[in-house]
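The ATP binding site annotation in TrEMBL covers G13, P14, S15, G16, V17, G18, K19, G20. Residues or ranges marked as domain 'Guanylate kinase-like' in TrEMBL: 6-185.
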Amino acid sequence: MYKQRGLLIVLSGPSGVGKGTVRKELFTQPDTNYEYSISMTTRSPREGEVDGSDYFFKSRDGFERLIEEGKLLEYAEYVGNYYGTPLDYVNATLDAGRDVFLEIEVVGAAQVRAKVPDGLFIFLAPPSLSELESRLVGRGTEKADVIASRISKAREELEMMNLYDYVVENDEVTNACDRINAIVTAEHCRRERVEKRYLTMLKGE
Ligand SMILES: Nc1nc2c(ncn2[C@@H]2O[C@H](COP(=O)(O)OP(=O)(O)O)[C@@H](O)[C@H]2O)c(=O)[nH]1
Ligand SMILES: Nc1ncnc2c1ncn2[C@@H]1O[C@H](COP(=O)(O)OP(=O)(O)O)[C@@H](O)[C@H]1O
């Protein structure tokens, strides 16, 4: 029996643009139907971050073992730390027909694009480069040298914008969430139309 898999939604964009903020806001909305995939990382936890909730915090050896065992859908090294998406969780959730939401950087997103071409890829863009820099500085979670690396990385990351299905500006968090929800709803409608067409064709065989 034909069963529609869940939709893989990828939210990506430069560090400091507000991905985490927008994602957290989306997941507080009662009608949000996506499952958030918690990533693995070798980065140290920030104050208040909880293992298994914000990230699964891993040692470098432990992470490299996951890579060798093929347990990651994608991974990337980002400013000195590994980040990656657990493959089994994503597959099991999609197979159960539920949507999965990934919040990842651009190199990993490109790997997901190659493996899951029917995913929905959304790039979160800042209103301007200077606003991006002031958000990174204003967050105050990194030291000056790390902020400088992230800002220079952000310039490269912005060049990847044209590889995405949609670009959403994060001017206000609520606006960005509304735009993302509208895009996901439209994608569901499109997929339903395609599925109906397919099932009608099968019946007519
Ligand atoms: N490729 C990849 N990137 C991830 C993953 N999880 C988080 N990231 C990205 O890694 C970058 C650094 O994350 P983090 O250190 O938490 O900083 P922050 O997102 O800027 O607060 C961000 O761009 C995240 O979106 C993942 O599983 N895979
Ligand atoms: N729309 C917005 N307007 C102003 N500040 C924002 C907005 N979205 C996020 N921020 C702030 O920008 C900083 C970086 O946001 P964060 O979600 O940590 O970014 P990312 O996860 O992309 O690195 C945080 O201090 C956050 O409060």
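Note that Cβ sites are derived from N, Cα and C of the backbone, with glycine treated the same way.
Ligand 1 lies under 6 Å from the Cβ of S15, K19, G20, out of the binding-site residues G13, S15, K19, G20. Of all the binding-site residues listed here (G13, P14, G16, G18, G20), it is G20 whose C-beta has the fewest other C-beta atoms within 10 angstroms.
A simple way to gauge crowding: the CB of S15 (ATP binding site) has 22 other CB atoms within 10 angstroms, across all the protein chains here. The binding-site residues considered are V17, K19; of these, K19 has the fewest other C-beta atoms within 10 angstroms of its C-beta. Take the mean position of the Cβ atoms of G13, P14, S15, G16, V17, G18, K19, G20, the recorded ATP site; other residues of that chain with a Cβ within 8 Å of it are L124, P126, L132, R135, N170. Note on the domain 'Guanylate kinase-like' (6-185): its mean pLDDT in the predicted model is 93.
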